[in-house]
Amino acid sequence: MEKLGLNELRERFLKFFESKGHLRLPSFSLIPQNDPSLLLINSGMAPLKPYFTGQEEPPRRRVTTCQKCIRTPDIENVGKTARHGTFFEMLGNFSFGDYFKNEAIPWAWEFFTEDLKIPVERLWVSIYEDDDEAFEIWNKKVGLPPERIVRMGKDNNFWEHGTGPCGPCSEIYFDRGEDKGCGKPDCKVGCDCDRFIEVWNLVFTQFNKEEDGSYSRLKNPNIDTGMGLERLACVMQDVNNLFEVDTIRRVLDYICKITGVEYGSSEKTDVSIRVITDHIRSTTMMISDGVIPSNEGRGYVLRRLLRRAARHGKLLGMDRPFLSDVASVVIKESKGAYPELAERAENIKKVIRIEEEKFEETIDQGLVILSKYIEETRKKGEKVISGDVVFELHGTYGFPVDLTREIAEENGLGVDEEGFREKMKEHQNLAREDYQSKQGSAWGDDIYSKLDKSVKTEFLGYTESEATARVLYIIKEDQVVDEAQKGDSVTVILDRTPFYAESGGQVGDKGLIEAEGARVKVLDCKKTNDGKYLHIGEIEEGTLRNGMEVKATIDKKRRMAIARNHTTTHLLHKALRNVLGSHVNQAGSLVEPDRLRFDFTHFSAMTPEEIKSVEDQVNEKILESIAVDIREMSIDEARKMGATALFGEKYGDVVRVVKIGDYSIELCGGTHLNVTSQAGFIKIVSESGVASGVRRIEALTGEAALKHFDEEEKLLRDIAQVLKTNPSDSVKRIESLLNEIKAAQKEIEQLRSKLVSSSLDDVLAKAVEINGVKVVTARFDQFDMEALRNTGDTIRNKLGSGVVVLGTGFGGKVSLVVMATKDVVAKGIHAGNIIKEAAKVAGGGGGGRPDMAQAGGKDVSKIDEALKQAVKVIESQLAG
């Protein structure tokens, strides 16, 4: 049996099925699209669900993929065993109503025995116990003897997911040899020992499970297969676990090299090495696909993995951030299959480095705190660390709960996870793995899923702004109706339309649908996965009936404004990459008629110079009046041209390419200008952060940009008028006024100091003594809070030992300050507690340290009373 590397195996599989008429699709993003049931893609078929359900039309009836997958339910076992991992690649060949068992089974056998040359005698199969059809194909067509075909029950060999498409499956097993088994004479497929390893699962989706639990046959059965690439590599390389597979082993070896720890020297260090190896593979792929560390959802999964890996690095003696270096090895090993890794390498490593540095700031302190709580828990004779402690470690020190659990288990303790979850709920910040149960299923129904799936709306909007059409459906109050009257809110589905439906960040068109005796004001347009355009609006006149001939007309002026912003968004994306670097990728966008919003990956606020450079570059391209060339082509042809694809977007065999000269080329389904000069110009109005590693630009074009400049110009004129100068001299006038103010403030401060100096002796002379402690109270209404604090410092220093209580009503606001020398703090004085009670009298609040505190209040007339209350509290503290 030929020893093949993981990368070669992947390519051999995909090429084999291409030879069988399959379209090779690139791996979909790990971020699910329109599937609230999943946090991250966890199987080869997950991103293909819409094709299996008929919600979307597949690019071809036969498809093959190698899909990146993440699974984290068993994260605590990763590292402890050599089998568990969070990242894996799933090979698959799929048929959407095309071929079935007669082809799928022999092809699987052909790939194994002829392409990979796996010895026939090492292969076994299992089938569903009632699937005689599969048995006949394996036995008669393939030639496998009956004793090597094992019938198994529903739990093992029948795939179903609640209600919906389901069916039997057949699994192919590799016999690792008797020496890996249990030694029992009846050992075969299904035995719990390590001899037989399941390599390939062929799912025959031929039934539909109904609500009542019955099964009906699907008109067009499907094929869904899945084979773990790493597991296949274990077989072909004759190794015992995924960490010994060639590409993964090279990552592991690099970790050993930089830590100076030999793999296999101890089980404890082996666990840490395996944790880092697995987690860096997962995190590198997640960041490449646009996941950013956060405290919720998939961002929290990423943070957990990175921080767990960082902690295990410390256990190996790493005292510096190192994970981004290891990520470079992952990128090197996988960039052939996933070229985007190389393109985004800088971005990936920067995300990892920043997150590791953040954790580095708190982990040591957190470990000290956790050690203290572990010791306290043991002293109490308890076995569980409280949920409050787990929450404190999570919120203050950035410890994911599974990291706290892992450390607790190493010390023979458990954690109160239920208590932790309750605390998280209180703070509305629960990041959960059971996202699926909270968000519902991607297989769920709505009114539109019950409509005829073969009915689609023909989109004419790329070339037409109005069109005649026929009403196919009218939906009112979530019900399909035959007609609707004036005043009704409706959704209208037409057989053809010029209305663009919201997608790709571009908002839907507005306009009118008119017929004889009826008019609908369209306020928005969306579309279903199966291609129906939903014209959402209100009937302004008459009665709209199903089957009516209508005229659909978009708001052309609004559409043009949207096109300005959409084309400019493409220019902006390219300019950002030119100015900031190739790590910049689109993380989201909103294209409206009056503005554009663009989110992108970058790790610091842009400087004013960078913003100006981007803006200038976009305006330069607008002024060049570059033709916007839009055409359809194959996805392969588009990639060869260098077209930029967006994170997580699904693309079919044929794609729409928007090319702006030699400057920008992107895959895009939106509406655009004919030439860039139609945009007028761009004005960036804001740049801000929206998440860790994600920045946002908001900008205006065309009329909106002109309006913005008009408003700015008016503001400048108004300022100049107030300053009694010309607009061009406003800055000089403001600088002059600021200098005058600064000089005046300096003079005031000098006068204030003289005033304080002259009155200090009087203030100190009025000091009272309480239980041997000097207490000074005074009121300075001419001082603001800053001056009051400075005066308090001066009096405390002159006093030498004692308490100072000052108040002011400057500007109509109450300000109070309490200061104490260290020796009286030792006697029981606490400035924070004193001021808290004093401020209540004046209708305010505050607090602070034992030696210094300040507060505010609302009632200036109560200042003297507040000072007296402070003295009472001091008496109480000294008496206690």
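Cβ atoms here come from the backbone N, Cα and C positions, even for glycine.
Swiss-Prot has this to say about the protein:
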BINDING   H566, H570, C668, H672  Zn(2+) binding site
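A C-beta separation below 8 Å, combined with a sequence spacing of at least six in one chain, links H566 (Zn(2+) binding site) to Q506, V591, L596, C668, G670, T671, H672. Comparing local CB density within 10 A for the binding-site residues H570, H672, the maximum falls on H570.
Same-chain residues that are not part of H566, H570, C668, H672 yet have a Cβ within 8 Å of the Cβ center of the Zn(2+) site turn out to be A563, T567, T569, V628, V658, E666, G670, T671. All protein chains included, C668 (Zn(2+) binding site) registers 24 other Cβ atoms within 10 Å of its own Cβ.
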